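Reviewing the structure listed below.
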Amino acid sequence: MGKVAVIGAGLAGSEAAFKIATSGFKVDLYEMRPVKTTPAHRTEGFAELVCSNSLGGKDITTGSGLLKEEMRLLGSLIVSVAEEFSVPAGGALAVDRVKFSRRITEILENHPNIKVIRKEVTQLPEGYNFIIIATGPLTSEAFSKVIQRLTGSEYLYFYDAIAPTVDADTVDFSKGFWGDRYGKGKGDYFNCVLNEEEYEIFYNELINGKQVPLKDFEKAVFFEGCLPIEEMARRGKQTLLFGPMKPVGLIDPKTGKQPFAVIQLRKENREGTLLSLVGFQTKLKYPEQKRIFRLIPALKDATFVRLGSIHRNTFIQSHRVLKPTLQLKKDPRILFAGQITGVEGYAASAATGILAGINVVRMLKGKEPTVPPETTMLGGLVRYITEPKEELQPMNPNFSLLPDLDKKVRDKRRRKLLKAERALKDMEIFASQWKN
C-alpha cells in the first residue's frame, strides 16, 4: 500500500485528500493552521473561503457553472457540501462560509483513511510514494523556498499582474491591424488603433477611474510587481505613448502611417479565441474596466472573459514545469493542485485537486495518469495552464478554453449550451472510466 501526502487543506487539498481516501488509500493531510496562519485566513478550518462566499454561477452556460457540474460527476466534496450549506444568491452558488468549512473539516478529520497533521511543512516530507502540493496563493515563505527549488526560482511568481482578456469573437477587427513591431515575428499581435482625440478621452477616463483598494497583505506587491496601467498614466500624458501604447515600429496598412497610439492584443491560446491586452494590468474596479476599455474603438462591444487585477498570489509557471496530468515534469511523484498551478477561482482550484487525487489513485493502482477530454472545462483548463506559451497568467474557467463545435452556431447562448452538453457527456464517460 503506497503512502500519500497532501500539503495544504484548502479547496484543492481537501478534494485531493477526499478522492484518495474514498478510493481506499491512506493519506496524510498537512495543514499549517493554526500553528502558523496567513494574513487572509481567519480560522483553522479546511477549505476556508477567504474572499467571497460565492463559488460562482450555477448555470451551465457559464464557465464556473459548467465546471461545477463536471465536478459533481467526479464526486466533488466541495460541490456537495456547498449545496448542503448554500444561501440565496440568485444564479450563484453561495454558501454559509463558517458551516461550509466546518463540515468539510469534520468529514476529513473523521475519515478513517485520512490522518490530519497540523504543522508547517518547511521541507518536502520523506517516505511518501506521492506528494500533492496544494498550498495555495498564500504559501508560507519557508515552503515557497521548497517550491522554488523544485520548479526553479524563475518559475515561481509571488503576485498576479493580470491584464484583461477578451473573447476574440467580440473584437471589431476593422478598427486596427495584425502585425508585430518592425515587421518582426508572425503577426501574432492585433493592434487596436487610437487617434489623438480617442487617446485623450481614454487617458482622462483611465486616470480618473475608480480603483480597488489594496488589502494590507498585498501592499508590498504593488511596489515589487508590475505597475498598474492607471498608475503609469498618472505619471504624465505621454507616459503610455512610450510604454504599453507606444506606436513605434507599427505601420497601419490602411493609412501607410504610424498610428497615434495602439493597444496590442496577444493570443492567449493556440486557437486565438482569447486575446489579452498587453501591459494592461490594472487595479481598476471591474465595472470601470469594462467602461473604460470599451472606449478603445476595436473593443467597443468586447466581452471580457477575465478582468485585470494585481494581487498577492503564489503560483508556478505550470506550462514550463507541469504535465497536463499535474505531475512535476522532473519528478512525476510530485503533483501540484489548486491556485498555485495558475487556475483562478474556487471551483477551478477545487477541480484541479480532484484531478490530482484521481491521478494519484491511478498510479497507486499501477495505472497511467490521465487527463479529461479537451472538450470538458476541466480538460480545457489543465491544457491551458500546461500548454507552451511565453508566460502563464492565471485563468478562470470560460468557454473560450473549449474547442469549437463541429457546426457553426451563430447564437451565442445556444453555442455555449451545445458546448456545455458536449462537455458533460464527455465528462460522464471520463468519470465512469478513470477507475478502470
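A Cβ is built for glycine as well, from the same backbone N, Cα and C atoms used for every other residue.
These figures come from a predicted structure and were not determined experimentally.
What Swiss-Prot says about this protein:
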BINDING   GLY8, ALA9, GLY10, LEU11, ALA12, GLY13  FAD binding site
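The Cβ of GLY10 (FAD binding site) lies under 8 Å from the Cβ of PHE46, ALA47, GLU48, ALA134, THR135, GLY136, GLY338, SER349, each of these being in the same chain and 6 or more residues away along the sequence.
For LEU11 (FAD binding site), applying a Cβ distance below 8 Å and a minimum sequence separation of six or more within one chain yields ALA47, ILE78, GLY338, TYR346, SER349, ALA350, GLY353. There are 36 other CB atoms within 10 A of the CB of ALA12 (FAD binding site), with all protein chains counted. For ALA9 (FAD binding site), the number of other Cβ atoms no farther than 10 Å from its own Cβ, over all displayed protein chains, is 32.
Shown in sequence order, VAL6, SER14, GLU15, ALA16, PHE46, ALA47, ALA134, THR135, GLY136, ALA337, GLY338, SER349, GLY353 are the same-chain residues outside GLY8, ALA9, GLY10, LEU11, ALA12, GLY13 whose Cβ sits within 8 Å of the Cβ centre of the FAD site. Sequence-distant neighbours of GLY8 (FAD binding site): residues of the same chain at least 6 apart with a C-beta under 8 Å from its C-beta are TYR30, GLU31, ILE133, ALA134, THR135, GLY136, THR139, GLY338. Summarising the environment of GLY13 (FAD binding site), the number of other Cβ atoms within 10 Å of its Cβ, over all protein chains shown, is 30.
Under the three-state DSSP scheme, GLY13 (FAD binding site) falls in the helix class.
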